[in-house]
Structures are given as C-alpha cells and as structure tokens.
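Asks: Pasting in a structure now, in structure tokens, and then I'll have a few things to ask.
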Amino acid sequence: MSSTLLEMTRASHEEVERLERLIVKDLQNEPANNKDRLFQSHRVRNMIDNIITTTEKLVEIYEDKDNARRDEIAALGGQTAMGTNVFSAFYDRLKEIREYHRRHPAARVVDANEDYEAMLKEEPVIEFTGEEAFGKYLDMHELYNQYNNLKFEKPIEYSTYLDIFSQPNIVPRKLKFSRQYREYMENLLEYLVYFFQRTEPLQDLDRIFSKVTTEFEEQWENDTVQGWEKTSRENGHLSADHTVIDLDFYSTVEELKEVGPEKLKEALAALGLKSGGTLQQRAERLFLTKDTPLEKLDKKHFVKGSRGSEPNGGAATSKEVDNSKEIALMEAKINKLCDLLDETIVRTKENVVKKQALTYDEMEAEREEEETQADTESDDDEQQIYNPLKLPMGWDGKPIPYWLYKLHGLGQEFKCEICGNYSYWGRRAFERHFKEWRHQHGMRCLGIPNTKNFNEITSIKEAQELWKRIQERQGVNKWRPDLEEEYEDKEGNIYNRKTYTDLQRQGLI
C-alpha cells in the first residue's frame with residue numbers, strides 16, 4: 001500500500017520521528033559498564049545513520065526532478081488530460097484499495113513499535129582483539145614492530161614505544177622522507193581512526209579532521225608547524241637535509257655501501273640526484289654531498305630537470321614539498337587522535353607495566369578473574385542495580401552497606417603524585433598502595449628504592465629530598481678505605497692506607 005510517492009513520504013517521516021524518540025529513550029538509560037556503553041553508542045549511531053539515509057531519500061522526493069510527485073498530487077485532485085474529475089480519481093483509488101485486499105485477504109496491520117523496541121535490546125557486533133579488551137586498551141604490537149624495523153635507533157621496548165608513538169616530532173626530519181616511514185604513519189593513522197570509530201561512534205570524526213586540516217593549512221602558510229619550520233626550508237624549497245641517510249655516521253664510501261642499494265636509491269632520489277648505476281657508483285655519488293653543497297655539484301649527477309640543475313640549486317620540486325606537507329598533516333591528525341584517546345593511552349601504559357611486574361601465575365589468575373567477572377556481568381545485564389550514592393561494589397556485585405562505607409572512610413580521597421596523581425579511596429587502600437606495582441614503578445622511575453623510609457610520602461619533591469638526606473647520612477657512616485684501612489710496616493708501626501702509601505712513595509718505609 002506504500003507504492004505511491006506520497007505514502008512513501010509519509011512513512012519516511014514517521015520512521016524518522018520514531019527513530020528520534022528511540023534515540024532519546026535509549027540515551028536516558030545509564031549504562032552499567034563500558035560494554036553496555038559501547039552497545040548503546042553503536043545502537044544510537046546505527047539509528048542516526050538510518051535517519052540520514054531516510055532523510056536523503058526524502059530530499060530526493062521533495063526535489064521532484066522527474067515531476068513524479070507533482071503528477072501524483074495532480075492525479076489526487078482529479079486532474080487528467082480530459083480535465084478535472086474528482087469523483088473519477090476517488091473511485092479509481094477505492095478500486096485499487098479493494099483489489100489489494102482481495103489479493104491479500106490475510107493482510108493485517110503490523111505494529112512497527114514492536115520491531116523498533118527490539119532495537120533497544122540489540123547488541124551490535126563490535127570487532128576488538130583480545131589485547132584491546134573491548135576497547136579498554138590499544139593493541140599497538142604490529143605498529144611497534146613496524147617502528148622498530150624503521151631502524152631509527154636501537155630497538156626499544158613496547159612500553160617505551162607507547163610513550164613516544166604519539167610524539168612524531170621526536171623523529172629527525174631527514175628520516176621522515178623514506179617510503180617505510182610514510183607507510184608506518186599511514187598504518188598508525190588508519191589504526192587510530194579505526195579504534196576511535198569503534199570506541200567513540202557518536203563523535204563526528206570528519207568534522208574533527210576538517211578543523212585540524214584548516215588549522216594546519218593556516219600554520220603551514222605561517223611556517224609555524226612544529227618540526228617543519230623553515231630551518232631547512234627556504235621559500236618553500238627543501239635543503240640537502242632532505243636525505244634519508246645521515247652521512248655524518250659514515251667516513252668512507254665503503255662504509256656507506258653497507259646501507260644497501262635500495263636505501264641509497266631513496267636517498268639519491270630525495271636529493272634529485274641520479275639513482276641508477278652500481279652499488280659503488282650510488283655510494284660515491286651520495287658521498288659527494290657530505291662535504292659539497294648541492295649547488296656546487298656537477299650537473300651530470302642530477303636527474304634532468306631536477307632541482308640540482310636549476311639556478312637556485314637545492315630547491316625542491318613541488319612534488320617533494322607536497323610530500324612533506326602530507327606527512328606533516330598526518331602527524332597533525334595523529335596528534336589530535338592521541339589527545340582524544342589520552343585516557344586510553346595512559347590506561348594501556350599502566351596495563352603493560354603492570355603485566356611486566358606480574359609472574360606467570362599471577363597473570364593467569366588475573367585472566368581467570370576477568371573472565372569470571374565478564375560472565376557475571378553478562379548474566380546480570382538485565383538487572384538494573386539501584387545505587388544513587390555511587391557506593392563501591394562488594395564481592396557479590398552489589399553496593400556495600402552505607403555504614404561499612406563510612407566505617408572504612410571510603411569517601412576520603414588520597415592522591416599520590418608518584419603514582420601519576422592516582423586517587424585512592426579510604427585509608428586502607430592508601431596504605432596498601434605503597435607496596436603495589438603502580439607506586440613501585442613510580443619510585444623506580446625516580447631512581448629511588450621503595451623502602452619503609454618512604455611510606456606515607458606521596459610528593460615527588462619530598463621523596464627526592466628525603467633520598468638526598470639519606471644519601472648524605474650514609475656518606476658519613478660510609479666505609480672509607482683510605483682513612484680506615486690499616487697497614488703495618490716492618491717495625492710494627494700502624495698507619496692508614498693513605499699515610500702508608502705516601503711514606504712508601506717517599507722511600508721512608
């Protein structure tokens with residue numbers, strides 16, 4: 001019965017209004033945990049996508065490019081080629097309705113609300129790896145291996161990589177023009193975008209990136225993009241620093257040959273030099289640029305029409321400038337995503353450090369506990385726990401009694417700067433944390449042993465001052481062999497080591 005355009009228009013408007021009401025109803029429910037929050041966000045995202053699709057169809061109908069809607073409205077008014085006949089149009093429409101019900105005698109009115117209400121209980125399929133723990137942590141292992149393969153420096157640990165992947169500015173600029181680095185940046189951006197879309201489906205990432213791009217274009221024009229200033233760029237051209245190989249580490253052509261033909265080819269191409277020939281010829285050609293400016297090199301070393309053959313020797317092609325701009329824009333987008341995912345990144349670092357401090361048995365026990373907790377949550381998903389005072393949960397998954405909450409002082413907050421300003425609720429939790437992995441890791445980072453002397457100390461400054469006083473006190477009681485180690489001469493006289501050595505040097509003993 002919805003074969004006409006007007007009926008389709010009415011049904012589409014009804015669907016949009018019903019979806020809007022469902023979104024409001026869904027968002028009024030407070031999710032019990034992170035899993036429920038993700039399910040709710042993805043349900044709302046799917047309903048918004050349906051609204052957008054339906055609205056686009058409505059726009060096409062109202063634009064009426066084929067005049068079908070106008071003709072249908074005219075037909076309802078009885079306007080035909082023979083003139084206006086309202087009764088004829090009415091009976092034709094009545095005949096069509098009767099014919100429909102004759103062909104479908106079992107047809108009944110379907111309550112669409114039942115189908116739409118079922119959407120509120122839907123659990124969308126969200127793909128996460130085991131390491132990501134349903135959006136709780138990042139899984140950067142593949143990108144970590146790719147970063148280590150770039151060979152910027154010695155291989156780093158995974159925990160160190162989590163500290164630096166969000167800081168592309170620390171990579172030397174001259175190492176950013178290799179194909180491997182560009183692929184790494186593309187993969188990093190792709191993963192962060194995909195993770196953000198899965199964990200924050202209601203965020204408008206296109207609008208965020210549009211704003212980032214606008215700000216970046218302005219900064220690029222004003223030469224204020226961090227790490228891409230005109231320190232090695234003049235009037236939009238790149239200098240010899242563009243090379244992907246740092247020649248300062250090589251003193252001979254033979255040493256440079258060890259880099260390999262492909263790496264030499266990339267470095268030569270980046271400078272606009274000819275990249276053909278044998279391994280020996282490539283190494284010799286690149287080694288010339290170590291002590292000789294590009295503008296002073298013979299033109300035979302340059303590709304025809306490249307920057308080296310131009311009067312302004314050293315000027316980059318527009319393609320190379322665009323390449324630099326694309327890499328810098330990717331860095332800007334990655335920085336923005338890292339800011340939005342800051343809490344997840346910190347949580348991932350803490351999880352990695354925690355796992356490094358656990359034994360195998362402890363890790364297995366924790367994994368079993370998480371699985372048990374996940375099963376409990378899945379069984380109790382339909383039970384809404386009434387907890388207006390936001391009391392901590394007990395062993396049975398229910399809020400603890402209020403008197404117990406007051407007895408243990410769980411409303412009292414203790415912050416520890418050494419633990420990264422982490423909050424501990426209750427005196428007992430605060431006293432126990434000095435022996436836990438987070439505080440131990442913070443003390444190790446400060447280079448201070450986590451002994452009983454530092455209990456109750458949460459300030460980094462106080463801990464450092466106390467450690468300094470302890471070291472000074474230990475220096476007074478410290479064993480000093482020069483003054484306290486005893487020596488005896490042939491006559492039985494006793495001297496300390498310093499005096500004995502001085503007398504022996506003077507030939508008096």
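Using N, Cα and C of the backbone, Cβ positions are placed for all residues, glycine too.
All TrEMBL annotations are machine predictions without curation.
Below, the features straight out of TrEMBL:
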type	residues	note
REGION	361-383	region 'Disordered'
DOMAIN	414-445	domain 'Matrin-type'
Asks: Apart from its near flanks, which chain residues at least 6 from the ends of the domain 'Matrin-type' (414-445) lie with a Cβ under 8 angstroms of it?
Replies: 346, 350, 353-354, 357-358, 392, 408, 454-460, 463
Asks: Could you put numbers on the helix, strand and coil content of the domain 'Matrin-type' (414-445), residue by residue per DSSP?
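Replies: Tallied per class, the domain 'Matrin-type' (414-445) gives 18 helix, 7 strand, 7 coil.
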Asks: As a test of reading the model: what is the averaged pLDDT for the domain 'Matrin-type' (414-445)?
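Replies: For the domain 'Matrin-type' (414-445), the model's average pLDDT rounds to 89.
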